[in-house]
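This is the structure I want to talk about, given as structure tokens.
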Ligand code: SF4
């Protein structure tokens, strides 16, 4: 799509830059649809657009820095291309006043919870840039979803959001302040989104949320939802993300054993294993419970791999607490581990706690745990070599194909590079792992 501002007869165009996690990608898709409905057209890159929207992230300090840098870069771009710059999402929710005061180049900002009204908000703010939409055509809308920075529909996977917000109140986390209380989507709307994504070419659906197992609270609504989604015609792989490590996840694991389409993948962020640190983080669980939870996951799907995360340096954390994480990693051997240095976020209870550690000490602790994990990772990699896995082809280029084992989530985990150009995107089959790099692997397509 070309930039339209110079041609009076063409509608204006938009591009969405998405930062942060897959949940933001789903929100950007919702904005994309809303903007199309108001008659804007997608642009192929930010420079070519009349409206450049940035969907921001502020989950941790690094994410905030990346957001600010992206806004500053986009201001430079805006000066060259005379476009309107719109900042939305978590950072806009948190720092709306600072954006208004310090960044006059930002033409409009709005926070979370309004993604599906983006078109209407832009139209009311910039009425002269909108032409009347005579007839809204769903077929055109489906075809246009290939552009504007939202590329999921050209891939064999798609994200479907089942809820937003969170009621847990972990003391390090700003998300409940930004996204509000937990609200779940109806089963019908999740099924509709799933069907739409599959009709557009997805074979894998990743269900995302801030807190997946909170869906339906203490009822079996989540189990029912997963069963219903797994039965949607054309769906081949169902991946569940963000499972809080508690009894509900334990119950959910029984379904893993019963539904073949559920990917052999458990993503459960532990954040710590020391009972006292978890308590001060306002989270539940402890070493032995987490170990038994992960053992159960591996027993219901023997090939399953686990992704988890830890926050190092929370106020009051002792060296023994860090040793406990290291012991856990060596003992339980989660295949994929994210490590975050704790950084206090204004507006959270953690920021008010005593016992803050120096940044240098926090980095030291992160490095200690990382070293322990990298040792485990060598064994994890070595154990994969020579093994054959169920897989899906994500991308094919002149060099060959990017293939993903079902043990790996799209855009998050490792991939297998295969020198085979005859494969098709979305093709299912088996890949043998032949060797590995730091994270990714090289392999051979075997059927
Ligand atoms: S469960 Fe905790 S870490 Fe996750 S979104 Fe909710 S408050 Fe944040």
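Cβ coordinates come from backbone N, Cα and C, glycine included.
Just so you know, TrEMBL annotations are computer predictions that nobody has curated.
Values in this document were obtained by computation on a predicted structure and should not be read as measured data.
So TrEMBL lists these for the protein:
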- 21, 57, 90: [4Fe-4S] cluster 1 binding site (BINDING)
- 166, 170, 173: [4Fe-4S] cluster 2 binding site (BINDING)
- 12-127: domain 'MTTase N-terminal' (DOMAIN)
- 152-379: domain 'Radical SAM core' (DOMAIN)
- 382-447: domain 'TRAM' (DOMAIN)
Near ligand 1, which of the binding-site residues show up if the criterion is a Cβ under 6 Å from one of its atoms? Options: 21, 90, 166, 170, 173.
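Among 21, 90, 166, 170, 173, near ligand 1: 166, 170, 173.
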Determine the minimum-neighbour residue: among 21, 57, 90, 166, 173, listed as binding-site residues, which Cβ has the fewest other Cβ atoms within 10 angstroms?
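Counting other Cβ atoms within 10 Å of each of the binding-site residues 21, 57, 90, 166, 173 gives the minimum at 21.
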Mind giving me a neighbour count for residue 170 ([4Fe-4S] cluster 2 binding site)? Other Cβ atoms within 10 Å of its Cβ, every protein chain shown.
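Around residue 170 ([4Fe-4S] cluster 2 binding site), other Cβ atoms within 10 Å: 20.
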Which whole-number value in Å describes the distance between the Cα atoms of residue 90 ([4Fe-4S] cluster 1 binding site) and residue 173 ([4Fe-4S] cluster 2 binding site)?
13
Determine, for the [4Fe-4S] cluster 1 site, the additional residues of the same chain whose CB lies within 8 Å of the mean position of the CB atoms of 21, 57, 90; present them in sequence order.
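Along the chain, the qualifying residues are 19, 20, 23, 24, 56, 58, 59, 63, 89.
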For the domain 'TRAM' (382-447), jot down how many residues DSSP puts in helix, in strand and in coil.
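With helix first, then strand, then coil, the domain 'TRAM' (382-447) has 3 helix, 31 strand, 32 coil.
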Once the DSSP letters are reduced so that anything not helix or strand counts as coil, what is residue 57 ([4Fe-4S] cluster 1 binding site)?
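It is coil.
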Among the binding-site residues listed here (166, 170, 173), which has the Cα closest to the Cα of residue 57 ([4Fe-4S] cluster 1 binding site)?
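Checked the binding-site residues 166, 170, 173; minimum Cα distance to residue 57 ([4Fe-4S] cluster 1 binding site) goes to 173.
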Setting 166, 170, 173 aside, what same-chain residues sit with their Cβ within 8 Å of the center of the Cβ atoms that define the [4Fe-4S] cluster 2 site, listed in sequence order?
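So the extra residues in range turn out to be 168, 169, 172, 174, 175, 176, 210, 211.
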